[in-house]
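Features of the protein shown, as given by Swiss-Prot:
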- 60, 61, 62, 63, 64, 129, 130, 131, 132, 133, 134, 135, 158: (6S)-NADPHX binding site (BINDING)
- 61, 125, 161: K(+) binding site (BINDING)
- 10-217: domain 'YjeF N-terminal' (DOMAIN)
């Protein structure tokens, strides 16, 4: 059975990938974001869900979102990026620049529920990852409220934004994505996920690291970058 990680385990696995296995942040971010794009194509085909709002947070989860948006643009989608608090680090500045040069639209104001319903077919939630601690910062309150109130399908990257990493929803009004894409290994909060699709992405975990943490990750089929897991309905 696949292991679901608590917050400390998730942080330690990441640290070992960086420190022991010498992966770089941008290397893992590229692989993670690409696997998210592939999972989205399997659940939301471009001919029906082509207009995508990608909501990016200030940390690595937001970086995954920027990478995902770039790959979606290459896969026949028309993404738009909402990035309310850009991170002033070269990696994130470069990712933003790449999206700009790919002619991906970036919007400056969070759309209303009504505007988003008319303008988009799908929302990608790449706001907060497994390091999130409540409360939500003021810059992100409007977009979190949009995610809570929208009727559009949502694809959440690793952690549904606003959820506790281990315990899931903190409030009844918290968002419930249609698709959850767990990265590296699922986190404990994924056991509380009731949506339609749960995918695993991030096909880069070394065998020795899998054994050390007893991750019991399923084998990815063929050359796939993601695979579907059972949901706990």
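Every residue, even glycine, has its Cβ placed from backbone N, Cα and C.
The structure, with features from Swiss-Prot marked on it.
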| residue | record | Cβ contacts under 8 Å, 6 or more apart |
| --- | --- | --- |
| 60 | (6S)-NADPHX binding site | 25, 29, 129 |
| 61 | K(+) binding site | 126, 127, 128, 129, 157, 158, 159 |
| 62 | (6S)-NADPHX binding site | 56, 83, 87, 92, 126, 127 |
| 64 | (6S)-NADPHX binding site | 29, 32, 33, 36, 126, 129, 157, 158, 183 |
| 125 | K(+) binding site | 55, 147, 154, 155, 156, 157, 160, 161, 175, 177 |
| 130 | (6S)-NADPHX binding site | 7, 10, 11, 158, 159, 165, 187 |
| 132 | (6S)-NADPHX binding site | 159, 161, 162, 165 |
| 134 | (6S)-NADPHX binding site | 162, 164, 170 |
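As a whole number, the greatest separation of Cα atoms within the (6S)-NADPHX-binding residue list 60, 61, 62, 63, 64, 129, 130, 131, 132, 133, 134, 135, 158 is 22 Å.
In the three-state DSSP scheme, residue 130 ((6S)-NADPHX binding site) is classed as coil. Counting every protein chain shown, the Cβ of residue 158 ((6S)-NADPHX binding site) has 28 other Cβ atoms within 10 Å.
On the 0 to 100 pLDDT scale, the model's mean across the domain 'YjeF N-terminal' (10-217) is 95.
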